[in-house]
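Listed in TrEMBL:
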type	residues	note
ACT_SITE	H77	active site, proton acceptor
BINDING	D78, V81, G83, D85, E100	Ca(2+) 1 binding site
BINDING	P176	substrate binding site
BINDING	H206	heme b binding site
BINDING	T207, D247, T250, D255	Ca(2+) 2 binding site
DISULFID	C79-C84	disulfide bond
DISULFID	C134-C323	disulfide bond
DISULFID	C213-C234	disulfide bond
DOMAIN	53-327	domain 'Plant heme peroxidase family profile'
Amino acid sequence: MAFGATHLCLALSLMALIALAKANIDEKVEPINNILEQNSEMLTQEFCILAAVGSVVAEAIRRERRMGASLIRLFFHDCFVDGCDAGILLNDIPGRFQGEKSSPPNNNSVRGYEVIDQAKQRIKTMCPGAAVSCADILALAARDSVAMLGGMTYPVRLGRRDARTANFTGALTQLPAPFDDLNVQLTKFRAKGMSAREMVALAGAHTVGFARCVTMCDDRNINPARKSTLNCGCPVINNNTNLVPLDLTTPDFLDKFYYEDLIRNRGLLFSDQVLMGSSATADVVRTYNSNPALFLREFNDAMTKMGDLPPSSAAQLEIRDVCSRVNGNSIADM
């Protein structure tokens, strides 16, 4: 290949960012996917994959900027449960299989599945014969979202495989919860080989996105200092979508203001605000607030490390043809 993986990743992100910026200025600009499809024969297979995913993500964020935050969260929720294996994408099979998608931390909460499906289909259209896993697509979509929301791009290693099962219970026990205290969070991250500093860096993903009403209306989940500022008159049901920004200042941009909110005791979630409860994490919060460029670099480093979390050693792996179901007719026993 003429370019290394890092150069390809940088080139893709620049293409996607330029296309997204132009699309916001001129509604008549030709969609990036049309440009790429017309020139797909000139692309190497790896670059074709990167370009296909990047174009779908750019279009999704153009339609709804919040989707970038959702794709980052989708990647996190996949990798933190038995590694980066796309288990979260598997649909339940009534009476036969219950996966991570319907587990309480994800049900009616995690979103962006359709963007991953669209990316898979675009790869098939643009890059015939390319073998890329749904787990790889999740990693690329998260990386591209980071770049398009104001962060910095970073290289993504390809070669992941998709699990033929998922872990409903693991989503309950392995994912950090909004009501987790600091020690519980540190224990969960330590179990994934992540340090306290890396935990604080990844928590910075909450500088983009929103919390649902069902989350903010549960006193266990909320920073008590913010309770009086919230309008919690909504029905507390799982499908309620009234939203509150996680970052009071710039909820659509990946920046340092989440950390500024924590320093001012204005973090929304209980699990976020408790980062100020120990010098081991509070000092990192203050560092990232005073040095945003360092935050962006270390956030990328932590995302890369998380993206290398391996699937369970007992998992049967494949490259799924359709991200929401395993190949063939059966799902391995959990």
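Glycine is treated like the rest: Cβ placed from N, Cα and C.
On the structure: features taken from TrEMBL.
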residue : record                 : contacts (Cβ under 8 Å, 6+ apart)
D78     : Ca(2+) 1 binding site  : C84, D85, A86, G87, I88, L89, E100, A135, L138
C79     : disulfide bond         : M306, G307, L309
C134    : disulfide bond         : A86, L89, I116, K120, D162, I319, R320, C323
P176    : substrate binding site : F80, V184, Q185, K188, F189, S271
H206    : heme b binding site    : L246, D247, Y258, L268, L269, D272
T207    : Ca(2+) 2 binding site  : L246, D247, T250, P251, F253, L254, D255, K256, F257, Y258, Y259
Number of Cβ atoms other than its own within 10 Å, given for H77 (active site, proton acceptor): 23
Among H77, V81, G83, which are recorded as recorded positions, the nearest neighbour of C213 (disulfide bond) by Cα: H77
Proximal but sequence-remote residues of the same chain as V81 (Ca(2+) 1 binding site) (Cβ under 8 Å, at least 6 apart): G87, I88, E100, A166, N167, G170, A171, Q174, L175
Same-chain residues at least 6 apart in sequence whose Cβ lies under 8 Å from G83 (Ca(2+) 1 binding site): L309, P310, P311, S312, A315
Non-site residues, in chain order, whose CB comes within 8 A of the mean position of the CB atoms of D78, V81, G83, D85, E100 at Ca(2+) 1: H77, C79, F80, D82, C84, A86, G87, I88, A163, A166, N167, G170, P311
Chain-mates of T207, D247, T250, D255 with C-beta within 8 Å of site centroid, Ca(2+) 2: V208, T249, P251, D252, F253, L254, K256, F257, Y258
Confidence summary for the domain 'Plant heme peroxidase family profile' (53-327), mean pLDDT rounded: 94
